[in-house]
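A quick write-up on the structure given underneath.
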Amino acid sequence: MSSSTGKVIIKLPKTSIPYKYVEPVLIEVDKLVNHEELVDARLRELMDKIRSENAVDMPIVVTPIPGTDKYLIVDGHHRWAAVKALGYRKIPCIIIDYFSQDVKLKTWLPGIIGDVKPVLEEAARRGLGVAECRYSVDTSGDIDAKLLEESSFIVLGRDLCRAISGGVEGQKIVSQVLNELNMKGLFTLVYYGELSEALEDLKSGWLHYLFIRKSLTKEDVMRYVRNGGVYAPKTTRHILPFYPAKTYTPLDALR
């Protein structure tokens, strides 16, 4: 995925997750809660697609938020936002058991090919602390849990370790910095679905810097959302037992 000014690479392991048809249910958009911030370009793209097809091509995946009458959006934030922005009242959904062992949660890890110095300088300019740390590619598995909790990211290079402060809220600032500088063409932005692959690329020299953060649990996500929190884009990576097959729900059914 790339644009005229910024290049983004998504690296995921190969999977054999099947597509499955599930009859969607229509849920009011105001009863759905997103847990990640939106990317404007993706939202506009989906609004145009939905308008041109006069339908929502596939249902979003949601789960009940315990103790409320609302649902957490597990997958489909931008489709939900597009339908809502277009003025429709409902959206097709598949309801899952979030805490089932069949539903996995992992965390996206950003990395860059290029110079990390502008990122660290801009993060500091926006109020985040940047401190030296003592970890390396070979000792990344030993990063102190308290340091991970308090940091937005631990940045590792072959000869560099920096802890950026801010915790989960700081991740939003760093994510914004990464996206802005990437769009200026300062570096290639890489998103990893698996830490092991990221570390291999870092060791080989293909990747220059990796941004490691605390892994989230499903309980973390539910607690954060119930407290009104919204993560940075590309934070959670949910792995479902199936991909929803396309159903093409007509827009007239969503009024």
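Numbering starts at 1 and runs along the chain as it is shown here.
Cβ coordinates come from backbone N, Cα and C, glycine included.
What you are looking at is a predicted structure, and each value in this text was computed from that prediction instead of being measured.
What Swiss-Prot lists as active site is Glu36. Under a cutoff of 8 A between CB atoms, and with a sequence separation of 6+ in the same chain, the neighbours of Glu36 (active site) are His77, Val230, Tyr231, Ala232, Pro233, Lys234, Thr235, Thr236.
As annotated by Swiss-Prot, O-phospho-L-serine binding site applies to Val74, Gly76, His77, His78, Trp108, Lys234, Thr236, His238. Around Trp108 (O-phospho-L-serine binding site), taking its Cβ as the centre, 20 other Cβ atoms fall within 10 Å, counting all chains. According to its DSSP assignment, Trp108 (O-phospho-L-serine binding site) is coil.
Cβ neighbour count for Asp75 (Mg(2+) binding site) (all protein chains, 10 Å cutoff from its Cβ): 20. The Mg(2+) binding site feature in Swiss-Prot is assigned to Asp75.
In this structure, of the binding-site residues His78, Lys234, His238, the smallest number of CB atoms within 10 A of the CB marks His238. The Cβ of Gly76 (O-phospho-L-serine binding site) lies under 8 Å from the Cβ of Pro59, Ile60, Val61, Val62, each of which sits 6+ residues away along the same chain. In the three-state DSSP classification, His238 (O-phospho-L-serine binding site) falls within a strand.
Counting other Cβ atoms within 10 Å of each Cβ, the lowest count among the binding-site residues Val74, His77, Thr236 belongs to Thr236.
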